[in-house]
Amino acid sequence: MQLLKQNYKKYILDLNDAQFNRAVKPIIEQDYRINQIIEWIYAKKAVSFESFTNIPKELRNKLDEKFFLRTLKIVKKEKSLIDSTIRYTFRTADKKYFFAVFLPANGKNSVCISSQIGCPIMCAFCSSGKTKLARNLSRGEIIEQILQVENDTKEKISGILFMGMGEPMLNFNNLISVLNSLLSSKEFGIGKRHITVSSVGIVPAVKKLADDNFGVRLALSLHAVDERQRKKLVPDNLGFSIEDILKAGKYYLKKTNSHLTIEYVLVKGINISSADAHKLARLLKRCDLINSDVQVNLIPFNPVTDVQFQRPDKKSINKFKSILKLNGITVNVRQSKGANINAACGQLGY
C-alpha cells in the first residue's frame, strides 16, 4: 500500500514555476509560504521537507505526502589529487547512471552537468558517444545535479556548463525549463554570462534558443573543417552542414548579443594539419565569425578506453593555434581538468 501511495507522488524539481504554484496552492493557507518553500529548495538546498523549520509541521507533512524532494543518489565520487576536480556518478530512480563534474576555480566554481543518459550523437573521440542513449534527463534530474554537488562540496556554484553526457538541444523543452530556473532570482539566480550550452549544432534548436533570447553563452562543437572529416568524428550529425552550423552560430550572436565558442577537439593525424587550420580560418571569415564575441577553443584529445585516437604533441597544437591567431581569431587551448579521473572533455562514460 505504501509503495502504491509513493507512486502518486510528484518529483517537485520536475515542476516549472507555473506547475509548482498549481500543485502547491491547494495545500497552503498563505501565499507567502510558496516563496518560503522555494527558498528551502533552491537557496538552502534542503534534502527533506522535515528541515523546512519555518513552515508548520502540518504543511511539511502534506508536502511529504505529495512530493519527492530528491530522486538521485551519488553512487561514486572521484576527486583528482592534481586539480581537485570531482567526478560524480549518479543513479536515477529507475537505476540508470550518468555523470556530473565539479570544477573548482578560486571561488568561481562551475559544474558540468548532463542532459541525457547516454548520447545519440556518437562522437568517435568521446566516451559518452559509446553509450547508447537510454533517455532524456528530466528537468528535475538536471537541476538536482547542481543541488547535490553544492550539498556535497559545501561550495557555491557560480557557473553552469551543459557539457556533460548528452546533447542538450535534443532535450530542448527541459533545457529551456532549466534555464528559466537558473536565471530566476527566486531560484538559482545565476547570471546568463555564467551559463554555457554546448551543442554539436542542431540548427533549428540553436535558432530557437536564439529567438527565446536567454542570452546564455553558446558553444558549438565543430571538430572538423570538411564534411567527410566531420562525419568520421561526429557520425550522427543529423545532416546539418558545417556552414549551416556556423551560420546558426552567427544568427545566435545577432539575436542575443552573447558570446560564441567554437569547440575543436585536436586529434593527431586527423584534423590538425596546417591546411585544416587555414580552412577553419576561411570558414569563420566566410560566416563573419571573426570578432571579439567569438573564440575558438582548441581541446587536445583526452585518452578514452578502446578509442585508438592519439593526442597531438605541443608543437602541432601551437602551430595550429598560431595560424588561427595570425588570421585574427581569438583562440584558446583548453587546459583539461580531471583527466586523471576520466572527468575531462570526452571522458564521461562507463
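Glycine residues also receive a Cβ, built from the backbone N, Cα and C atoms like all the rest.
When the candidates S138, S198, S322 are compared with the S-adenosyl-L-methionine site entry in Swiss-Prot, which names G166, E167, S221, L222, H223, N302, the shared residue is S198. For the recorded positions C112, L222, C345, counting C-beta atoms within 10 A of each C-beta gives the highest total at C112. In this structure the alpha carbons, written CA, of C119 ([4Fe-4S] cluster binding site) and S198 (S-adenosyl-L-methionine binding site) are 13 Å apart. Cβ neighbours of H223 (S-adenosyl-L-methionine binding site) (same chain, under 8 Å, six or more residues apart in sequence): C123, F125, R230, L233, V234, E263, Y264, V265, N271. Cα-Cα distance from S221 (S-adenosyl-L-methionine binding site) to C345 (active site, S-methylcysteine intermediate): 11 Å (rounded to the nearest whole number). Its own atom aside, the Cβ of C126 ([4Fe-4S] cluster binding site) has 26 Cβ atoms within 10 angstroms in the protein chains shown.
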